[in-house]
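These features come from TrEMBL:
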{"type": "TRANSMEM", "residues": "12-36", "note": "transmembrane segment"}
{"type": "TRANSMEM", "residues": "115-137", "note": "transmembrane segment"}
{"type": "TRANSMEM", "residues": "188-214", "note": "transmembrane segment"}
{"type": "TRANSMEM", "residues": "235-256", "note": "transmembrane segment"}
{"type": "TRANSMEM", "residues": "287-310", "note": "transmembrane segment"}
{"type": "TRANSMEM", "residues": "317-336", "note": "transmembrane segment"}
{"type": "TRANSMEM", "residues": "342-360", "note": "transmembrane segment"}
{"type": "TRANSMEM", "residues": "372-390", "note": "transmembrane segment"}
């Protein structure tokens, strides 16, 4: 074990890459098992006459079929409506950077969307895992960083990181942006924020983290005076994050001529075709446990998250990562129509893995450090088992309708 720990410490990036690809191999097996149970009628675009879909056919499941549509045909120049004038589900709900990269790969290689998407997401997910380790290691040490990445990579929704979804690209850009903010590389952070604004709707929570980074730098102005270039970089980073938060809705407005093109399109996936901030958490949970218990469990989740982030067991993460978790969770509370898709949205709360394995103490408590490793192993095994359930129950589609990933 000592030699393994020494190897991880010396070659953290390589160790993380090998572990991550190992977990993706396990997920590949689970996806193939799911494909063997998937009826052809539930696969968008069919299976080419085969009794069950192949691995690449699974790239079109759920949102994957929308990203394929965008990569092949682009976005509509008008928002589709039915005879009553009600907006219908359409491609404007989906951000453009991933399908544009897929289309570029298709044009360069001649391969299908499914093949290009599979390679892209695997590569971007691997890159994100390495960046995660580099972001966490200076805070909690290489061993804890390695364990946290393993818990993340084995988590129930982690197969999404190799499907035609934006989770892998979003994580890659987010981690690069957080790393740039930690290093106070303002121009890089601002550029990444703009790319995030074309990838996933997480630029506004990132803007709060950028504000914290600027505030921390401002507090050090007496010991380390801020140069004019740094002032300009900090201001531009905040502006870029703000612009990124509204970039895609603005583009949808510009192309379609409808100011609310994006929000009205997003509302088509909601009950009643309306978006009510925070309401779905109570409404949807009420279907499962009743209104009174729904309020109780929401309060429990808020209290649990606050306890995780505010306790001494999270101090080593630093203020920026704890603020990210808090504001991203608040953002989910405001905009997410909580249901089975919540699993994959939780991937972006990756710093919580450090807390769960007990590696977030600034001063490690007087307990055997092997308990951190034990917790890591337990959570990895639980994640793998839960991951199989996630694939069979959520990734699989049983017509005419099913619970989405």
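Each Cβ is built from the backbone N, Cα and C atoms, and glycine gets one as well.
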> At least three Cβ pairs under 8 Å linking the transmembrane segment (317-336) and the transmembrane segment (235-256), pairs spaced 6 or more in sequence?
Replying inline: no
> Which of 12-36, 115-137, 287-310, 342-360 has the most Cβ pairs closer than 8 Å to the transmembrane segment (372-390)?
Replying inline: 342-360
>> Checking distant contacts: for the transmembrane segment (342-360), what same-chain residues at least six beyond its ends satisfy Cβ-Cβ under 8 A?
In response: 132, 136, 140-141, 143-145, 147-149, 151-152, 155-158, 160-161, 165, 167, 170-171, 174, 202, 308-309, 313-317, 321-322, 324-325, 328-329, 332, 336, 371-372, 375-376, 379, 390, 394, 405
> So what's near the transmembrane segment (188-214) in sequence-distant terms, Cβ-Cβ under 8 Å and 6+ beyond its ends?
Replying inline: 95-98, 166, 169-170, 173-174, 176-178, 180-182, 233-234, 236-248, 319-320, 323-324, 327-328, 330-331, 335, 348
